[in-house]
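Report on one structure; see the data block that follows.
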Amino acid sequence: MAIFNTADSMFASLSSRKELLIISQALVSSSIHLSLLSLSNSNYRILCLNSSGCISPILVEEALGDVQIIEPDQTFSGTQKNLLDNKSLNESICSLCKDSETESLAFRYYQKVRDFPGFRPRRFTLKLLIRYLLRCNDWSSISLLSEDFGVLGVFPDKSTCCSLVGVCIKARKFKVAEMLLGSFQFQGEIAVSSFDSAMKAYNKLHMYNNAIAVYNQMRSSGVVPDSGCYHRIMEAYSKIGETDKVLSLFQEFKTQNPKPSSSSPRIFRILCNSLGKSGRPFEALKCFREFSEEGHVGDSLIYSSLISSFAGIREVTMVEELFKEAREKEMAKDPELFQKLILMYVEEESVEKTLGVIRAMKEIKMKVSDCILCAVVNGYSKHRGLRETIKVYEDLVSSGCEPGQVTYASIIGVYCRLGLYNNAEKVFTEMLKRGFVKCVVAYSNMVSMYGKVGRITDARRVAAKMKQKGCEPNVWIYNSLMSMHGKVKDIKQVERLWREMKRRKIAPDKISYTSIISAYSKVKDFDACIRFYNELREKRGGIDLALAGIMVGVYSKGNRVDLLVEFLQQLKSEKLELDVRLYQSAMNALRDAGLQAQVKWFQESFNLENALRVCRTRKPIQEKHGN
């Protein structure tokens, strides 16, 4: 039923709709009240559109017989109310709800007729009213409407009740949800579904204690939970670490549902996950065997949970037995299962077995994800050396595995560490062509690589391309750029990069300060070196051997022996062990200044044997892994 803004449009509609309308002179007033009344013993309708402040009604009539004019503020007598037909009233409310121009009036009209004798809203009427009120977030009206459920003895359908409770909790209208559950608790299937919906909504909000409280309310009301309710409450207890309670509820569920059902696997899956996370995978396996003997059929996610639990405690033999069993039953389908296997073999240094896992994935035509491929590459890099890593990577790619940006970044790093710069450039170009243009680690590796070989222009080109692709440089990029410009004494570029980093609100780290202090030391601006060092210390930045070596040179070359002695005392208090080079540099600076007492203190405080040991332990990464 539409509301007309002009008399012309209204009259045009009248000729086809055969309706009688009583309309006030204030037709377009902002506060229109509507009553659509259908008399049971008449062949016409009356639409009363009235507003406060109207003078007199205007009757627009088509020759359909006698018509009684209803005044705008008229109240209905008992006899008139009895003439109103319940079916027509419900249809009128529904028609208002279905029209976007009149739906805002539907609930007001419902409130006007709810006290009429014999009026009972139908379920579909309530559904339409609830749908509109939820869309408007009109919680006060929803509260009023929910009070009528018990008073009038009419409830919405089960689906509407579930949605109503769930949306209330999602909107954090917990008191409204509590009132609704109180209204629904004696309504059979509606009660069960509504409590299930409430627990589900609370679990999504991670309000597990609230879900438990809802479950307790349900049981105290005598409502028997179905499989969905058991699923929600077991999930809630599992999330808060109450594994014994989860086990107890599972036993209760089995007692009430002895026969296998479609819901059994998902219920059991929660039990497996809970036992596994609490370090009880053998107990989970025992329950699974009993579960299978009772005729229940497991699924791929149950096997995934069991295998992941045993992989977490490094029970390799049990993992391999379960994995074999899952493959025979064609239930090894969960990608997370394969990733857990890969990580377990990497941690156990059995990286060759990771290739067997990938072959198993290909047999069932499962895509090898970027995370899994990267885990294999990093595993070989850590335990088998860089050159073996490259061989495995190339074999995997040739067999059809597609690397993503994480794997690309890792293998670019491997090529850079081995000095295979052409290979690194080739892989980097391939990565960009495949659309992976926002991998900060890959850009950082390339910039660092160009810096090591003195290709400053190429490094700046990569940084510019990075910005062009919408990828913001991080502190690693700026550190590399400042370091390479500092090495060639281009202090203006170093200063520009430092200002740009500050402008982009990228906080400098210890390496940033080391880079800019080193750059200033090369151009002999020792005051700037001391200023940036003091700024680092004010931020509670630590000192490493690289920065210590630079500052010893700054203080000695700048004839700031007093600061040198104070600096060495700081190193002593922070228990920093010097290497041979730094030891000799500090010793020479003190001797050249003629500070014999300080030389003796230095020799007593910093042992030369320790310096030699530190030097021996600082080996290149290539030597550690073997080329």
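Each residue, glycine too, has its Cβ placed from N, Cα and C.
Small disclaimer: the values here were computed from a predicted structure and weren't measured.
Feature annotations, courtesy of TrEMBL:
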DOMAIN    153-267  domain 'PROP1-like PPR'
REPEAT    191-225  repeat 'PPR'
REPEAT    226-260  repeat 'PPR'
REPEAT    369-403  repeat 'PPR'
REPEAT    404-438  repeat 'PPR'
REPEAT    439-473  repeat 'PPR'
REPEAT    474-508  repeat 'PPR'
REPEAT    509-539  repeat 'PPR'
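Sequence-distant neighbours of the repeat 'PPR' (369-403) (same chain, 6+ residues past either end, Cβ-Cβ under 8 Å): 335, 338-339, 342-343, 345-346, 349, 351, 354-355, 358, 361-362, 410-411, 414-415, 417-418, 420, 423, 622, 625-627. Same-chain neighbours of the repeat 'PPR' (474-508): 440, 443-444, 447-448, 450-451, 454, 456, 459-460, 463, 466, 515-516, 518-520, 522-523, 525, counting only residues six or more beyond its ends whose CB sits under 8 Å from a CB of the stretch. Here the repeat 'PPR' (404-438) has, by DSSP, the following mix of helix, strand and coil residues: 27 helix, 0 strand, 8 coil. Within the model, the repeat 'PPR' (474-508) shows a mean pLDDT value of 93, rounded to a whole number.
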